[in-house]
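Colleague: What Swiss-Prot lists as active site, proton acceptor is HIS92. According to Swiss-Prot, the heme b binding site annotation covers HIS260, on the basis of sequence analysis. Marked as compositional bias 'Polar residues' by Swiss-Prot: 11-20. The region 'Disordered' annotation in Swiss-Prot covers 1-20. According to Swiss-Prot, the site 'Transition state stabilizer' annotation covers ARG88.
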Amino acid sequence: MSGKCPVMHGGNTSTGTSNKDWWPEGINLDILHQHDRKTNPMDPDFNYREEVKKLDVQALKNDLRQLMVDSQAWWPADWGSYVGMFARVAWHSAGSYRLADGRGGGGTGNQRFAPLNSWPDNVNTDKGRRLLWPIKKKYGNKISWADLMVLSGTIAYEVAGLKTYGFAFGREDIWHPEKDIYWGDEKEWLAPSDERYADVEKPDTMENPLAAVQMGLIYVNPEGVNGQPDPQKTAEQVRETFARMAMNDEETAALTAGGHTIGKCHGNGEAENLSAEPEAADVEYQGIGWMNTKGRGIGRDTVVSGIEGAWTKNPTQWDMGWFDMLFNHEWELKKSPAGAWQWEPVDIAEEDMPVDVEDPSIRRMPIMTDADMAMKVDPVYNEICRKFMDDPEYFSETFAKAWFKLTHRDLGPKARYIGPDVPADDLIWQDPIPAGSIAYCEEVVKQKIAESGLSIGEMVSTAWDSARTYRGSDMRGGANGARIRLAPQKTWPGNEPERLAKVLDVYERISAETGASIADVIVLGGSVGIERAAKAAGHDVHVPFLKGRGDATDEMTDAASFAPLEPLADGFRNWQKQDYVVKPEEMLLDRAQLMGLTGPEMTVLIGGMRVLGTNHGGTRHGVFTDREGQLTNDFFVNLTDMGNTWKPAGNNVYEIRDRETDAVKWTASRVDLVFGSNSLLRSYAEVYAQDDNEEKFVNDFVAAWTKVMNADRFDVA
């Protein structure tokens, strides 16, 4: 009898050749279709942000404090305290955030899923989540995994003795791994850093948007660049990686010192004796990975990074011990029992050593990683650390604020914060926006805009440019705040500064006359343009509008932190800043995903924008109509017309010719033609090209447009 499975493989439940295997160059529309009802086990009307308001916060915090000192035999706590473990669970949840695209971070509970649950840098965070499970089980729907993991780290620091800065609830769990996050191209864990740097000697040449030096790490290699100790080189990598998650040198030094004030590294054993990571573990392991298969593997015999030892004399207490240890001793390179490079003091009194995690009568050698040594060797970090040493209270305050920033950076603006411990202060990295007025007449504003002489293209383009900066990844950007009129946005090439200045001059005058914020006037301008274009095409529509946007000021805006929000391409306006290795249609998909659009929404917006005269610089690519300024489905009708042919005519330029006469009718970009060439996008385009769907096209365009304009309105229910 054949050894093959007797069951017919009717369902692709595990492996099989995928479309991506057959056609690796195809675009991945799956990134637009994530986190829907089919993967979410919660009831359709479940609203976590309302449910968490019912939480008994004090009871939860009390239970977490008890957990910190409730050592479990199956995974005993070091020195009887889990504070180091839960600080690490929270840190490694939040620490995957990167400023470049806002992706990663602790806002979704993604540490529960691959690849993060099985990253080499996340060894044994699975044990932390299992220790949290009884608490999650008890409080159920009132606390998300995302909130619980981050809160556990904050409570850990409080138990250790730190006065924390605050905490906000509001992180909503996802139910499958994100498909849109690019973690790197490497095919092996901890592949050499050279694979993601143009020049590993120049940290700023790391591939964007990455913010970790190797595949599977949160930040840097604790042993040194590519595992070779050199504190100054490591300092340069530390500076770059932390900058890529929006931390300055002082915040970086504080986080390094404070992060290593509690807990320890684990490397007292052989790494090769560990079982597979959670995602590869056999079913009997029940999602737990890295278990020691040849020894005890817990307590003092635990293996995580391979480095072995604590940084301070009192690893469960918040104090200045890290500074005392690092700056009051000379250090030499040693190998841990697991074979990892670590720094150990050349000469240290026994009473200054930390005790064994299980037996307080035994003293153990303290350690420093290469990243710790970087704080001493690098002159900038050294100066900051000495400032902290001279003022311990300032250090504690700086760390507490940096920890709050680390764990809340991807939660979005302060309007999204929930709970009794939300700090009163407005912090500049939260992109604060003042409340806007609602005491004005919307129709009066619209009438003034309509009589201003602005074209449909000018009105719609300005509203779009203001709103398109929104990123659902970290809830930054968007039309609220009208930051399009501030640096750096007002000079971005993608915003056509000359055209923008002309429109803003009109809108600022209307704002002053009516009491509406400039932000509201900008969005209303888009509404006026769309309603005018729809009427010209025979459709009487009203674009929904929400009053109350505010106008941010330069003082409220960290211009440098907004630089990563600059669009390098905008397929919706048929524009690229320059040629890139990445295809234009892939950049369109990325933009659409960050804006929270679905495939059909992206499609209908492209078709509508093309006929409204919104192309950047007035280019004619994709304007498949002789009725520009009317909201028609002509783009789709002519794109899908087999009476045409499509021929390359230069770099990212194509000609649409009459099939019989060969006369050029229109020109197009790759972004235009992908809606006819990609089978999925063509299926959407055909819907909007149908004779009976012109009204549907208009209604769907208005709905998608409104979604974009309101994406950042967290200030309203």
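Placement of Cβ uses the backbone N, Cα and C atoms for every residue, glycine included.
The model shown is predicted, which means the values in this text are computed figures rather than measured ones.
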Colleague: How many Å lie between the Cα of ARG88 (site 'Transition state stabilizer') and the Cα of the residue listed as 'heme b binding site'?
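Modeller: Distance between the two Cα atoms comes out at 10 Å.
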Colleague: At the level of the C-alpha atoms, what whole-angstrom distance separates HIS260 (heme b binding site) and HIS92 (active site, proton acceptor)?
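Modeller: It is 13 Å, counting Cα to Cα.
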Colleague: Taking 10 A as the limit, how many CB atoms besides its own sit near the CB of HIS260 (heme b binding site)?
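Modeller: Total other Cβ atoms inside 10 Å, all chains included: 26.
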Colleague: Do you know which of the recorded positions ARG88, HIS92 has the most other C-beta atoms within 10 angstroms of its C-beta?
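Modeller: Output for this query is ARG88.
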Colleague: Quick one: what's DSSP say for HIS92 (active site, proton acceptor), helix, strand or coil?
Modeller: helix
